[in-house]
Amino acid sequence: MIRTDWTRDEIAVLFDLPFDELMYQAQTVHRAHHAVGEVQLCTLLSIKTGGCPEDCGYCSQSVHADSGVKATKLMDVQAVLQRAAEAKDAGSQRFCMGAAWRNPKDRDMDAIVAMIEGVRGMGMETCMTLGMLTPDQARRLGAAGLDYYNHNIDTSPERYGDVITTRSFAERLDTLEQVRAAGINVCCGGIVGMGETREDRVGFVHALATLPRHPESVPVNALVPVKGTVLGDMLADTPLAKIDDIEFVRTVAVARIAMPLSMVRLSAGRESMSEATQALCFMAGANSIFTGDKLLTTGNRGDSADAALFAKLGLKAMAAEEPMRARVCEAAE
Ligand code: SAM
Ligand code: DTB
Ligand code: SF4
């Protein structure tokens with residue numbers, strides 16, 4: 001059953017289950033709604049890197065961080081399409097384009113629209129993450145055929161202000177509403193391992209699972225600690241704050257149970273995650289990953305390591321998931 005009326009207590013009870021029972025419930029939900037052993041492959045490209053005015057404490061691209069990431073201009077449309085073609089050849093189904101902006105400027109929109117149309121023309125799904133959107137910008141992206149917009153809540157509403165001060169949780173929700181109103185599928189998740197408490201992880205999953213409609217994609221990132229960022233430096237100083245692998249898997253499992261139809265993406269942080277932990281995440285209901293050897297500014301596992309892991313675990317790439325998405329939207333009406 002698809003529920004958007006979860007209570008915080010119910011989510012907390014799931015987190016508290018004995019691990020075996022939690023995994024059993026997550027697998028049962030997963031098998032009822034998704035093909036077993038199939039994983040969606042997505043590729044990320046940073047189309048505009050660094051120099052971002054926001055102060056997200058985890059991010060290498062913020063001007064408030066001293067991470068050494070160089071700011072670039074928006075990439076040329078043809079260069080983006082070239083990278084999309086390479087990703088398609090490597091077997092990727094979705095091409096996700098990210099820009100380090102607080103919000104897009106209207107003067108950027110023509111190029112953004114050309115990127116969406118070009119990537120769609122190749123037969124790949126498109127996803128963009130460009131920061132906050134006005135209703136008009138969201139409509140333009142929708143009209144261009146954008147399939148997904150990624151906009152994360154990142155953490156619990158209570159913890160949000162400790163991680164980011166330059167925009168509010170409410171502003172995040174507002175952009176998500178604009179995206180929905182424009183008929184674009186929502187990709188929304190966050191980061192675990194930022195030194196947050198179990199209660200924050202409960203609040204994070206609860207906030208996602210009680211949105212008016214569940215996001216069609218839920219990226220669960222494990223913090224990639226970057227030197228020179230507030231949170232990267234905090235974790236380097238207090239190694240005990242690092243999240244336990246089993247607790248990470250629990251978060252994936254609870255997300256799967258609370259949002260049965262969503263694609264749960266095991267996102268940033270796989271490079272430093274053991275194969276055994278990743279296997280547990282897939283068993284817990286994660287069914288999507290970022291492929292390739294780079295995320296936006298940090299490293300990713302790379303395709304040959306992933307191919308070896310898929311062979312070991314008997315996983316295979318999912319075919320395009322158009323019917324699944326239609327079902328998600330209908331089910332949550
Ligand atoms: N600027 C846009 C925005 O924030 O909406 C889009 C790009 S932003 C890099 C996309 C997401 O990447 C963030 O919301 C965060 O969840 C994730 N992210 C960024 N840096 C990360 C890190 N060091 N470790 C894990 N996830 C990270
Ligand atoms: C998301 O939730 N994770 C991706 C995507 N959405 C845009 C980004 C991960 C970024 C990891 C840090 C970096 O490479 O800079
Ligand atoms: Fe900017 Fe996005 Fe990084 Fe925040 S997460 S600093 S908004 S690029």
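In case you wondered, yes, glycine gets a Cβ from its N, Cα and C as well.
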Query = Of Cys96, Cys281, which one shares the [2Fe-2S] cluster site with Cys127, Cys187, Arg265 in TrEMBL?
reply = Cys96
Remark   = Counting other C-beta atoms within 10 angstroms, the emptiest spot among the binding-site residues Cys56, Cys96, Cys187 is Cys56
Query = CB neighbours of Arg265 ([2Fe-2S] cluster binding site) within 10 A?
reply = 26
Key: Cβ neighbour count (within 10 Å, all chains shown) around Cys59 ([4Fe-4S] cluster binding site)   = 27
Ask   = When you measure from each Cβ to the nearest atom of ligand 3, which of the binding-site residues Cys59, Cys96, Cys127, Cys187, Arg265 fall under 6 angstroms?
value = Cys59
Message = What are the sequence-distant neighbours of Cys52 ([4Fe-4S] cluster binding site), meaning same chain, six or more residues apart, C-beta distance under 8 angstroms?
response = Cys59, Gln61, Ser62, Val63, Ala100, Trp101, Arg102
